[in-house]
């Protein structure tokens, strides 16, 4: 009698399930392919930005403004510490509404998640890598909407990740520009998706990515995004100049985006009359339209550090390098388009022209005659970076057209008596050589800018010397960005610090301690210490909070100092005086502040600072920032989220119903 032993392989069942679930099923196979392609792009982004994944707190991305660019991210560390008090940023220049900073990326979901999970510094490093990936995803999505095959999709997305419009911005360390550029790239893909008749889900995606771009924290990119509206005429009118029905989808998506971005937009609208910044009505940093497009193909590091071709020696303003291959393929794509794709391609081509007109300031110099506030766009060349995803979209289409040409084949055959063997290869695969070289060239260009450096211990030594026992305004060396984020991390209040904008018609609080390399600042009386090679000067008679017996006095001398504690929008001040007066707290007055004395509400009196009446004796004063705009913005955002979810799943149910009413024919099976 023979015994047969059967070994059961548990992986057979798993393999069959995966095969049936993800490969033999068309939708499953498509999902698997999408996951694989996006996974490859993630690996490429991680490789390109791998130096940022060193979480040593002393290792930071290079670019001397990196620390000031991420200072607003402390909104979330403040939220962890004190909750609602975080809606007031009291860390610089007398404080301001935290949600109203148009140059901060703090409200973007990626920044929020990475900061809460890894802290400000490590979270910012991760955000940079994720931004590279999203730039690739945006390019991949745009190429997918153009109905190109996997090679143009992946190649154009790979180029986007290493494009000079992203890496070059890190020469200055401006994380917000990198993140904002990636998010705006997603909007271009979303616009085309709606034009392709993607249905309600495409509408929702466009709304989400538009809101994401709005809150990504860069005013320059938010100027470059809406200027594509004239180009959209090719998308909303058909070949017979009749208005197409999906214009309503664009309108709806824009409305949903405003709702989703309301936590940012409502506070900004409320604060805008108080906002001002430096301006340049001549746009001196702009490079001529005759030269700016040349940066697409110039990868010489020394060129960007020079003033050649009418530019400043600041690479972060002008880097656009993607190389000749994408540019040539873009021309091929535009000149060899199918009739059904002409409107899409002309939309992209027109948008490219507009972005360069804005980036070179040619259009801005005309518009500023009617809108003087446009002078605040001091560095327009950065906006030209938004042309890159559109150019690469045309490149992907051009590559697809070239791949579809009937190329000659190289054939080899070996006849034998009993068997003939033949091998052939289409010469179109020779295109892989220039495609690879273009990817390599762009990657090598990024290595000039995606760098890290080690910060010295002297930074923290100096900041410890500026620490005070109670709340006081202090100032590290003026204009040295490397001190900013570490100081805010240590809970310090900086004046003036480093910001890209300021309050209109408001003076800065005078710091009680100031580190200054250039010698004694005005009002300083003595050197308190010298740390990190920088003298720290002290001022007598400067206080964060004090009671004045003379209510009309603007001089701190003769004031009775008080003890102030707290953080953000929650302050507590303890004063003891023998005479009645007025308590002045050098925190900017704005709608939303409320005050209490010994637990009882008391009216605020000041216009510049927080001021209340101070009777004699010992009293405890509490100040709370309780604005109306943030709750309203958050509530509107929840409405937007609800509408998006409802629209998304309603569209899904309609698709299922449509499939049930129209079963596949035999030819489809």
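Yeah, the Cβs are placed from backbone N, Cα and C, and that goes for glycine too.
Heads up, TrEMBL stuff is auto-annotated, nobody curated it.
Worth saying up front: this structure is predicted, and the values here are computed from it rather than measured.
Looking at 346-368, 369-391, 392-414, 415-437, the stretch flagged in TrEMBL as transmembrane segment turns out to be 346-368. Here TrEMBL gives transmembrane segment for one range in the set 32-53, 54-75: that range is 32-53. Contact between the transmembrane segment (346-368) and the transmembrane segment (204-237) holds: at least three of their C-beta pairs are under 8 Å, each pair 6 or more apart in sequence. Of the Cβ pairs linking the transmembrane segment (249-271) with the transmembrane segment (316-334) and spaced 6 or more residues apart, fewer than 3 are under 8 Å, so the two regions do not touch. Distant neighbours of the transmembrane segment (116-138): 38, 41-42, 44-46, 48-49, 52-55, 57, 60-61, 66, 70, 73-74, 76-77, 80, 105, 110, 157-158, 160-161, 163, 166, 170, 175, 178-179, 181-183, 185-186, 188-189, 389, 485, 489; these residues of the same chain sit at least 6 beyond its ends, with a Cβ under 8 Å from one of its Cβ atoms.
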